[in-house]
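Student: Submitted below is the structure of interest, expressed as structure tokens.
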Amino acid sequence: MEVSRRKTPPRPPYPAAPLPLIAYLLALAAPARGADEPVWRSEQAIGAIAASRADGVFVASGSCLDQLDYSLKNRLSRLYRDQAGNCTEPVSLAPPARPRPGSSFSKLLLPYREGATGLEGLLLTGWTFDRGACEVRPLGNLNRSSLRNGTEVVSCHPQGSTAGVVYRASGTDLWYLAVAATYVLPEPETANRCNPAASDRDTAIALKNTEGRSLATQELGRLKLRGSAGSLHFVDAFLWNGSVYFPYYPYNYTSGAATGWPSMARIAQSTEVLFQGQAALDCDHGHPEGRRLLLSSSLVEAVDIWAGVFSAATGEGQERRSPATTALCLFRMSEIQAHARSCSWDFQATEHNCKEGDRPERVQPIASSTLIHSDLTSVYGTVVMNRTVLFLGTGDGQLLKVVLGENLTSNCPEVIYEIKEETPVFYKLVPHPMKNIYIYLTAGKEVRRIPVANCSKRKSCSECLAAADPHCGWCLPLQRCTFQGDCTHAGSFENWLDISSGPKKCPKIQILRSLRERTTVTIVGSISARHSECVVKNADTGKLLCQGRSQLNWTCACNIPSRPSYNVLVVNATFSFPSWNLSERFNFTNCASLKECPACIRSGCAWCKRDKKCIHPFTPCEPSDYERNQELCQVAVEKSPKDSGGGRVKESKRNRTDGAVQVFYIKAIEPQKISTLGKSNVIVTGANFTQASNITMILRGTSTCERDVIRVSHVLNDTHMKFSLPSSRKEMKDVCIQFDGGTCSSAGALSYIALPHCSLIVPATTWISGGQNITIMGRNFDVIDNLIISHELKGNANVNINVSEYCAATFCRFLAPNLKSSKVRTNVAVKLRVQDTYLDCGTLQYLEDPRFTGYRVESEIDTELEVKIQKENDNFNISKDDIDITLFHGENKQFNCSFENITRNQDLTTILCKIKSIKNANTIASSSKKVRVKLGNLELYVEQESVPSTWYFLIALPILLAIVIVVAVVVTRYKSKELSRKQSQQLELLESELRKEIRDGFAELQMDKLDVVDSFGTVPFLDYKHFALRTFFPESGGFTHIFTEDMHNRDANDKNESLTALDALICNKSFLVTVIHTLEKQKNFSVKDRCLFASFLTIALQTKLVYLTSILEVLTRDLMEQCSNMQPKLMLRRTESVVEKLLTNWMSVCLSGFLRETVGEPFYLLVTTLNQKINKGPVDVITCKALYTLNEDWLLWQVPEFNTVALNVVFEKIPENESADVCRNISVNVLDCDTIGQAKEKVFQAFLSKNGSPYGLQLNEIGLELQVGTRQKELLDIDSSSVILEDGITKLNTIGHYEISNGSTIKVFKKIANFTSDVEYSDDHCHLILPDSEAFQVVQGKRHRGKHKFKVKEMYLTKLLSTKVAIHSVLEKLFRSIWSLPNSRAPFAIKYFFDFLDAQAENKKITDPDVVHIWKTNSLPLRFWVNILKNPQFVFDIKKTPHIDSCLSVIAQAFMDAFSLTEQQLGKEAPTNKLLYAKDIPTYKEEVKSYYKAIRDLPPLSSLEMEEFLTQESKKHENEFNEEVALTEIYKYIVKYFDEILNKLERERGLEEAQKQLLHVKVLFDEKKKCKWM
């Protein structure tokens, strides 16, 4: 909205805005500096905010936590507390418009341990989720895993309160969280209830140790509520003088009312909860009911003062608000501490419990500092230049600034920022931790960084320093009022004058008559003695009058001789200092007209005391009669008597004359809301107004500001009088009327509100005749004077029309005026007039009146008529209230037609209305009639549609049929011939394509050679820890971080007795085997549970592999017993038992070294070669199908023609890769059908191959730019030039799309914008596989039309064979590295387990050799090698694409076929995946049999050799995993089936001791469970 300050349009004339009003509007614009300040907008309402000294600003909104930089322009990281990865609020109950402090989903946001030597800063967060969960995370990045977490620390209710502070206890290195929370409160039935543990239901304040490990924390103490205390709402927590203070107030969450007085609880800053009492706070001054709500809190530690915002309203609206609803009260902490030693009435204290009804005296605030305001919401206090500064937020979006005087007296607040939307300010104001010139202002969903002062609005030095703002000072080099940091050369003390200097110290040039024949020009003010020069010139002629240089310890001064200078009227004086200049222009033309001594001397003229007149400074006067001192001159003027007439109205204290006492009565004041511009006609109603001679209105707003006294404008009659109220800031004021100096009678409250703001005009289009209902949406419409439509006539003349309107606070309704005299199509401006100011509200478009083409009357039943009126299509939004339809029948009969709906068709719009409850409807429908339509001001009669005669129709029908038949025969014959011709062309094209593809496929098989890179650098092996976890938990990524906790940094004293006992119990073989068998017999012990249990057991026994191997032997024998009676060949084939998964894990542990040393390199070469072959041809980005593949299902047979394009790629030099040895100009081959993303990948791979090291940036951090001469164009997968196919499908851009030719130069550059992750395109995009649509054929042209349509998949099956040939040698090398024996020795694990299987077969008297072969195959190739072959990401630090996965599945199947004893009978119809390696399988089978035989023929391993090998492996993996976590997970299964296990132990002999140990372990765990942590 723009505020128009012109005088108004010429017709009709309006009075111009008065000068004071314009000055006020300029003053209002001063806080608008914040309009350009950075703002962060979140998806949900902000619930918490905190600033770190090194890691930015943290903002919690909904279920998200954002880490922002200090400028709020960039988000550094984001944490989603919602598992779905969004920021939605988790309950259906929306928070109120003004939530109480702490009433949100984010309860705590506490950075701590910042700046501690050698320690990383941490962030403690508390949420309502997970029963009031807390997390501790590193401050640097929210995406890192939480270090510690726990539940039931904060309130789990969105409306419940929580306040906390983290501190380091004296004498220790431990950090503690002191937290106060509302754990229990009644909630509506629709809310998600959360019930804390019984021990927490009466807890008010608790102390937690933040250093405890995950799931092993301990509560250090608590302070409980008294039984009669009710709910407490905690607002803040802070440290002072060795104690922790918690401001709070008793609150009934059901009724929404405070039940007691605000208080402050105090505990010791210690390692346990030591209650030190509580103190009640009194901030009731100026409010009859008292202020029982505490809205905000701030400790001003530098002066030991605590500031609080208190309120008497609930904050849920304006219905109970008054000018004295809220107040800022300041308390001395020493007094609070003294009163806190009294008895306690809200908490269960061991001493000093209050008796029932006994309430101690409340602490009184500092009276001079109390500030009463209608709507404060927040406070933050600090000390600047020994001045206490308080920032206050308001409910209408203002940020106020209060500077306390030396005796702590509050001044009138300055408005330093206003939020345009008037959103209530959040209860917490956060200062910038690094720059004290900014403060973070939170409101609704937004956070703004606001300067703490508007220094620049003060234009002169005296104005700057007189404002007494400690943040501002006068910058001499810039000659502006600035922050000290914004002043050039501010490091020099003399260049920046702060408020301690005072306005009298401002530098100023003075011209003084010193002697009869000489006038001195000098400079006064706070100027230290330094080198300076001064020059005085005649401004009219430029003649030099005098000049000088500074003498020692004196500033420059020069003397002007008087006699030659009588005729000089304008003088320019300039003083030059080393870093700044001061110039001033003196005009002596009007000296004689100045009647006051101070004004005379201030202008440079001379005051002659003898004659008491102002003279030209060079005019002679007796020397003793010159007055040179402006201050003495000012004192002399003040002592002289002055006329008291005019000026402000002074309140008369005289008494009324004797006689009858006249009673004056005030009833009301109208309106009760006016804009900040004031109002010239405010009416006060009452009685006996004409009996008073002196009537004034007194307005009292903020208590520390001056009140306004306004004399009555006009007494209309005995009951009505009119006042003209001045402009003011936004606030609510008390109004009282004073008659003849008597008592001021209250007239109620008056609200100054912001100017109206328009957001929407509905509808925005109307017809030229007008009369349509128009609604304007916005806010503050209840203060407008009238609404104006301004439009332009022919000849560019403007006409303003006042329209009648009905306005409420949020909308205005009016009828569009008739503009028949205007152009047919015109836009008019809608304006609001407030006082003499015009506000633009938007435009309303006028179009030509609607055109009605006819109507039809139909009757389906005899008591109802339907009238359908046809209208040309237009852009009018016609509603039921806009239209009135009447049907006339006969001479005097008329019927009102009830509007039903409007239907818009392609050609016409139909308006349907109905006439109900009539007689003879059919007769009326068939007789003569007419219809009148009134649309706003438009009234017209609609003609009835003409209906063709049935007779003519019957004649024309046979002729039309004959024509149609002839045309159909001709068209059919033509179409038949055309179809035959097209089919012949398409068959020829198909034959040609088949011949070409067969020949190309044959040539490729014979000639193609893949240039495999022999030197692919270091193989990127994963370390053992991650290899093991990926094989142990292939589908559960959530265990990685808890098992990989750094075990070296754990405290040796932090051992858990319960886990130690469980570890000892598991090492009992009989007990462990019994537990496993018992668990497997439970029906709900699923296959997933068996696999997880086996993996947890492997980790727990990672350093006891000898023992683990013995367990494996026992369980394997037991499994053989089960299978031998049924089908022995099926043993170990599936993973359905603990031992089968245990065997997989055991093989992974024991063969990790063999995998890394022998198999790893050929395996990595296979993956690299396969990937290189796939990328040699086209790959569809959307489906991942490729031309070169091993899997028919992933074959890209809809392949277009493609060509290789050689690019000259130039890599930009970046800080991440600044080596001089790096080659930055590289030739890269891409395909013209590659997307830009695929081209990036090939460019990255080329850089790695060329330089042996990566570029240094991620793929999504770079962009490609085509350079043609001096022009550059960024290449993107999707941009404005992308082809849009049928149904809105977008075709991704390719190299060919940009018409990039061989030798083109491509620049690789680092993106500046926020990086996004790799794009996964949806179904609305396509690449190479295109939709079968006409739009595609039009785009591609005739050359590709038939080819695309007649593609046949079988034409490209040779590509499978081509891919197989390319990788065949590498594949065979891999297979033989697996089933070969290096140095004629098998790995220990394989030899040991194969011998174990042979021995068991002999013991079982199994003579079938196939059974043992199958056992070995199921235990090694199937259980281990196939898992590795299909998942290279288990072994290497690489990303497996879906296409690579499909190819590796084919290779893995061929690998297993080599171990199969069954002969494959393949026919021509067999799957291609089987046929591809059909000829190779027999050879592989023979090699496998030789491999098995060679292992069997090797000498057996001794038990000593095997134990030594297992012991060495155990030592290798010490401290790799957090074994205590694994033991905890195992215990969860044991305790779940505790009764079954205990019953089994009771039945087994020899396990009595194990039974006792198990019971002991359970007792230890139960005791540990009682100790809770955050």
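Even glycines carry a Cβ here, placed using N, Cα and C.
The feature domain 'Sema' is assigned by Swiss-Prot to 35-452. Residues or ranges marked as N-linked glycosylation site by Swiss-Prot on the basis of sequence analysis: Asn86, Asn143, Asn149, Asn252, Asn386, Asn407, Asn694, Asn773, Asn802. The feature phosphoserine is assigned by Swiss-Prot to Ser984, with a large-scale study or a structure entry given as support. Residues or ranges marked as signal peptide by Swiss-Prot: 1-34. The topological domain 'Extracellular' annotation in Swiss-Prot covers 35-950. The topological domain 'Cytoplasmic' annotation in Swiss-Prot covers 972-1574 and is backed by sequence analysis. What Swiss-Prot lists as transmembrane segment is 951-971.
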Student: Which secondary structure state does DSSP assign to Asn86 (N-linked glycosylation site), in the simple three-class scheme?
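Tutor: Once the DSSP labels are grouped into three classes, Asn86 (N-linked glycosylation site) ends up as coil.
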Student: Asn407 (N-linked glycosylation site) to Asn802 (N-linked glycosylation site): how many Å between their Cα atoms?
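Tutor: Cα to Cα, Asn407 (N-linked glycosylation site) and Asn802 (N-linked glycosylation site) are separated by 55 Å.
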Student: Name, in the order they occur in the sequence, the residues of the same chain whose CB lies under 8 A from the CB of Asn386 (N-linked glycosylation site) and which sit 6 or more residues away.
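Tutor: Pro470 - these are the non-local Cβ neighbours of Asn386 (N-linked glycosylation site), listed in sequence order.
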Student: Out of Asn86, Asn252, Ser984, point to the one nearest Asn773 (N-linked glycosylation site) in space (Cα versus Cα); all of them are recorded positions in the record.
Tutor: Asn86
Student: Between Asn149 (N-linked glycosylation site) and Asn143 (N-linked glycosylation site), how many Å separate their Cα atoms?
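Tutor: Asn143 (N-linked glycosylation site) has its Cα 15 Å from the Cα of Asn149 (N-linked glycosylation site).
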Student: Looking only at Cβ atoms, how many others are within 10 Å of the one on Asn694 (N-linked glycosylation site)?
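Tutor: The answer is 14.
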Student: Out of Asn86, Asn143, Asn252, Asn694, Asn802, point to the one nearest the residue listed as 'phosphoserine' in space (Cα versus Cα); all of them are glycosylation sites in the record.
Tutor: Asn86
Student: If you measure Asn252 (N-linked glycosylation site) to Asn802 (N-linked glycosylation site) at Cα, how many Å is it?
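Tutor: Pair distance, Cα basis, whole Å: 52 Å.
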Student: Just give me the nearest neighbour of Asn86 (N-linked glycosylation site) among the glycosylation sites Asn143, Asn694, Asn802, Cα to Cα.
Tutor: Asn143
Student: What does DSSP say about Ser984 (phosphoserine): helix, strand or coil?
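Tutor: The three-state answer is helix.
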Student: How big is the Cα-to-Cα gap, in Å, between Asn143 (N-linked glycosylation site) and Asn802 (N-linked glycosylation site)?
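Tutor: Their Cα atoms are separated by 60 Å.
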Student: Which of the three DSSP-derived classes (helix, strand, coil) applies to Asn407 (N-linked glycosylation site)?
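Tutor: Asn407 (N-linked glycosylation site) sits in coil per DSSP, no helix or strand.
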Student: Give the mean pLDDT for the topological domain 'Cytoplasmic' (972-1574) on the 0 to 100 scale.
Tutor: 85
Student: Taking the Cα atoms as reference points, how far is Asn694 (N-linked glycosylation site) from Asn802 (N-linked glycosylation site) in Å?
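Tutor: Asn694 (N-linked glycosylation site) to Asn802 (N-linked glycosylation site), Cα-Cα distance: 37 Å.
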Student: According to DSSP, which of helix, strand or coil covers Asn773 (N-linked glycosylation site)?
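Tutor: In the DSSP reduction, Asn773 (N-linked glycosylation site) maps to strand.
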Student: So how many other Cβ atoms are close to Asn407 (N-linked glycosylation site), meaning within 10 Å of its Cβ?
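Tutor: If we count other Cβ atoms within 10 Å of Asn407 (N-linked glycosylation site), we arrive at 8.
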